[in-house]
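Pulled from TrEMBL:
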SIGNAL    1-24  signal peptide
TRANSMEM  227-250  transmembrane segment
TRANSMEM  292-320  transmembrane segment
TRANSMEM  326-350  transmembrane segment
TRANSMEM  362-387  transmembrane segment
TRANSMEM  393-415  transmembrane segment
TRANSMEM  453-472  transmembrane segment
TRANSMEM  484-510  transmembrane segment
TRANSMEM  522-542  transmembrane segment
TRANSMEM  554-582  transmembrane segment
Amino acid sequence: MGRSGLALVLAILISFHGTILVRSDGSDHRYKEGDPVPLYANKVGPFHNPSETYRYFDLPFCVTGKEKEKTEALGEVLNGDRLVSTPYELNFRTEKDAKLVCSRKLTKEQVAQFREAVKKDYYFQMYYDDLPIWGFIGTVDKEGKTDPSEYKYFLYKHIQFDILYNKDRVVEISARMDPHSVVDLTEDKEVDVDFRYTAKWKETDTSFEKRMEKYSQSSSLPHHLEIHWFSIINSCVTVLLLTGFLATILMRVLKNDFMKYAQDEEAADDQEETGWKYIHGDVFRFPKHKSLFAASLGSGTQLFTLTIFIFMLALVGVFYPYNRGALFTALVVIYALTSGIAGYTATSFYIQLEGSNWVRNLLLTGCLFCGPLFLMFCFLNTVAIVYSATAALPFGTILVIVLIWTLVTSPLLVLGGIAGKNSKSEFQAPVRTTKYPREIPPLPWYRSTLPQMAMAGFLPFSAIYIELYYIFASVWGHRIYTIYSILFIVFIILLIVTAFITVALTYFQLAAEDHEWWWRSFLCGGSTGLFIYGYCLYYYYARSDMSGFMQTSFFFGYMACICYGFFLMLGSVGFRASLLFVRHIYRSIKCE
């Protein structure tokens with residue numbers, strides 16, 4: 001299948017399941033007085049557990065029987081959005097005062113259901129003309145009470161919508177719950193509830209084009225920006241000191257090495273070589289498990305390309321706040337389209353390493369990242385189904401993802417693999433490799449793999465950890481993150497530090513006459529991923545209020561996949577930097 005054919009298949013799949021990145025509800029957002037404006041209820045859930053969300057009408061709110069589910073894009077479904085129309089009628093510029101939605105008698109079971117929701121700080125989310133609205137469904141009265149059994153639980157029964165408009169367009173909306181209009185849910189008994197709502201309209205000068213700025217500004221408030229810039233300056237100073245320090249040491253040491261080796265050549269030939277020159281016949285000996293090594297490099301390169309593309313989309317403003325599911329759609333589509341890069345990189349490198357079974361290598365490349373991700377998804381989707389949460393993907397969505405993987409990802413991976421196999425490039429080694437490997441001398445414990453990985457991962461992690469808090473608070477909380485330019489700078493810093501620290505550790509390893517640097521450089525580069533997972537533990541217990549089996553398994557499960565992706569991506573960056581460095585130093589000396 002040609003590339004244009006694959007693009008066509010992808011276009012059909014995406015159009016079948018909704019729009020790609022820019023979504024709209026089909027309206028042009030212009031209304032006349034009295035026109036119905038779309039209001040959709042999205043989800044409800046515990047405020048501190050962002051992954052644990054349920055459908056709005058899973059709670060016994062007013063239903064008319066005319067509620068319609070909205071067709072959603074792929075990314076929206078992946079995001080856990082399930083939009084459904086509501087009985088609230090908020091027609092354009094039509095004021096309503098304490099309008100009755102419905103009167104209903106709540107049974108004991110329904111009272112218990114609402115009470116449990118109020119106890120867990122349930123919030124609701126709606127969309128009015130594509131603008132988000134939140135509110136809490138109830139409140140807990142803890143005043144003057146120390147024993148939780150004395151707490152009183154109240155359900156809000158009156159919601160006030162304050163809507164701002166500019167000419168014929170909706171610009172802003174907020175929802176306020178009336179604290180004086182509540183119903184007591186403390187006891188297990190039937191209660192009568194009148195659900196009401198009020199709509200107030202007010203004109204504003206804010207233009208329609210700027211209506212989303214209110215949400216972006218929350219993450220770029222002056223005190224937040226100060227912390228971000230402090231984080232960047234801190235990282236930059238770390239990077240400059242580190243890179244300057246390493247560059248100085250390496251330049252000086254290498255200069256001394258080159259002079260020493262040049263003098264050794266002029267002096268007696270029978271003098272024994274020492275240091276990294278001594279192992280020149282082994283340094284380009286291919287690593288063990290070369291198929292796995294090439295597959296890791298291919299997957300890491302694909303994830304690196306994916307990250308760069310995501311940053312490009314973020315910097316041109318595709319991921320504005322509440323562009324529901326845009327990020328998820330972009331991840332799925334770009335991952336599918338970049339699989340050819342993984343196939344080409346892995347197979348061409350495997351052929352350079354004189355590997356023979358390139359088909360098996362290609363299969364390994366295809367499963368290396370997708371395999372663990374698929375297994376984790378199966379487990380977490382089962383958990384979500386048991387909880388009846390909106391995070392459980394419908395069968396149709398799973399089918400679309402499987403079709404994308406089968407019709408786009410796999411063919412591109414194979415095409416990339418065939419191109420890599422036919423590239424016929426040879427491994428560029430500046431020195432000849434001897435027939436038999438030299439024995440590695442006994443080394444102190446801190447020169448073994450794990451201590452070296454700990455050293456290599458700490459510095460890149462220290463350059464990003466302040467920014468990590470904001471990203472976690474956005475992904476696993478309700479903060480909005482929009483400062484992608486700062487995040488991009490931090491990402492570049494992360495790459496530079498990873499490359500430098502890996503090169504330095506590779507040099508010290510070679511100087512100690514240990515020639516098995518291939519896997520070591522990959523593991524040292526990727527070790528930052530393990531530090532990020534360590535930060536997950538800290539964030540979960542010290543900085544968040546997440547609880548419950550579902551939220552905990554979602555947090556640690558998906559973060560394990562993300563950190564594994566980071567491990568592969570930064571590992572390939574570390575290895576590439578080390579390979580350039582090792583080639584450079586061995587090209588600069590004459591070896592027998």
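Each position is counted from 1, following the chain as shown.
In case you wondered, yes, glycine gets a Cβ from its N, Cα and C as well.
In TrEMBL, annotation is done automatically, which means it is predicted and not curated.
As a quick check, the transmembrane segment (227-250) and the transmembrane segment (522-542) miss the bar of 3 or more Cβ pairs under 8 A, pairs 6 or more apart, so the two do not touch. Proximity of distant same-chain residues to the transmembrane segment (554-582), defined by a Cβ-Cβ separation under 8 Å and at least 6 residues beyond the stretch ends, is recorded for 51-52, 283-284, 296-297, 299-301, 303-304, 307, 368-369, 372-373, 376, 379-380, 383-384, 391, 456, 460, 476, 494-495, 498-500, 502-503, 506-507, 510, 517-518, 521-530, 532-533, 536, 540, 546. Among the listed stretches 292-320, 326-350, 362-387, 393-415, the one sharing the most Cβ pairs under 8 Å with the transmembrane segment (522-542) is 292-320. With a cut-off of 8 Å on Cβ pairs spaced 6 or more residues apart, the transmembrane segment (362-387) and the transmembrane segment (484-510) reach fewer than 3 such pairs and are scored as not touching. Sequence-distant contacts of the transmembrane segment (292-320), counting only residues of its own chain at least 6 positions beyond either end whose CB sits under 8 Å from a CB of the stretch, comprise 21-22, 212, 216, 326-327, 330-331, 334-335, 338-339, 341-347, 349-350, 353, 355, 361, 364-365, 368-369, 482, 484-485, 487-488, 491, 518-519, 522, 526, 565, 568-573, 575.
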